Amino acid sequence: MWSPEREAEAPAGGDPAGLLPPEWEDDEERMSFLFSAFKRSREVNSTDWDSKMGFWAPLVLSHSRRQGVVRLRLRDLQEAFQRKGSVPLGLATVLQDLLRRGELQRESDFMASVDSSWISWGVGVFLLKPLKWTLSNMLGDNKVPAEEVLVAMELLKEKAEEVYRLYQNSPLSSHPVVALSELSTLCAGSCPDERTFYLVLLQLQKEKRVTVLEQNGEKIVKFARGPHAKVSPVNDVDVGVYQLMQSEQLLSRKVESLSQEAERCKEEARRACRAGKKQLALRSLKAKQRTEKRIEALHAKLDTVQGILDRIYASQTDQMVFNAYQAGVGALKLSMKDVTVEKAESLVDQIQELCDTQDEVSQTLAGGVTNGLDFDSEELEKELDILLQDTTKEPLDLPETPPETFYTNSVPNPRISDAELEAELEKLSLSEGGLVPSSKSPKRQLEPTL
């Protein structure tokens, strides 16, 4: 399903119709309705008005985002959205509505809202406005001329954020002041033309993240230190540091050029020596030595400039650390505002007094409980001794020994009378080697049968 977001993600270039909603090619009735002009007022048919506006307004913005531009004109949009030789008749009304909502702004109005005096073409842009638009604007007609340049504000803010991040991640961010020409070269990939680059700088200037100053015919840009910080005006220190940085670059380029010249003299001396031209070779070597001495002098100057810059960068770091320390001390003072040594000592004494009172209460409670426990323990000891004495006097309650019973076979023994037992006992007592059981034993022992 088509959406402005998906259309914005499509690659730039190629046939625009290939990146438009499906009904662009298939639904003739729908597209005929969308290409028709708006009614004079929304009150006539609000449903049709909202349907067209809901289609074209996001499509115009997403098309600009996909193209990577922040400046658009009615004529360019009419060419981009041509379909089978027809152009949308309601695009001017769409742009008027976007202007009314603040999503678009005339380029001249935007530049007038920011200090753009540093832009060389800032005055010319007003003179280039079509006379037709000027007269219609004076007469109260708000129609958008086909050549009038409009700025998509949300896209401009996104582009400004992109340029700011690009600067922060580049070597130019080592110092907040940078030449406008160097910044333009850095942003060539993000800003397709000079006007877009200037509009981005104006947006950053409006957000108080950059300030532009012209110094000796050269424009310099100063950035804010942090993403949420506001830029301070360019002062003499910034200008001095910028001049030192320019001197460093100039000296570095000069040293590189002289190094190439010294190498060239060396090669000329080598060729002259091979050709047997001794005098020419000596002249080339002398020129090489003079060049090398100039290089040494430039190196000394370059080291001096670099040393000064290093000290400046170190002092800036020291200043940041000092400011951090100062802020920390201020916060600590604020947090310790009502705290004094006397109050702290008094608080410690109160805590110690409370701890002593708690110890005394604990000892008192522990002592009362301990006496009660001692009394109970003595009573328990006496009762335990009595129980032990009673236990030694009573016989031990041991289980009875089961009577021994012998069986001759698996059949139970028959009952035997007392007379038979007496007779049997007499026989056993007369036999030699026989067992003599006790006369009191009530049990009879039979010989086992084999």
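Yeah, the Cβs are placed from backbone N, Cα and C, and that goes for glycine too.
In TrEMBL, annotation is done automatically, which means it is predicted and not curated.
Lifted from TrEMBL, the feature list:
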COILED    248-275  coiled coil
COMPBIAS  10-22  compositional bias 'Low complexity'
DOMAIN    156-224  domain 'CHMP7 winged helix'
REGION    1-22  region 'Disordered'
REGION    391-415  region 'Disordered'
REGION    428-450  region 'Disordered'
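Here the domain 'CHMP7 winged helix' (156-224) is broken down by DSSP into helix, strand and coil counts: 37 helix, 15 strand, 17 coil. Listed by sequence, the residues of this chain that lie at least six past the ends of the coiled coil (248-275) yet keep a Cβ under 8 A from its Cβ atoms are 281-282, 284-285, 287-288, 291-292, 294-295, 298-299, 301-302, 305-306, 309.
Per-residue confidence over the domain 'CHMP7 winged helix' (156-224) averages out at a pLDDT of 89.
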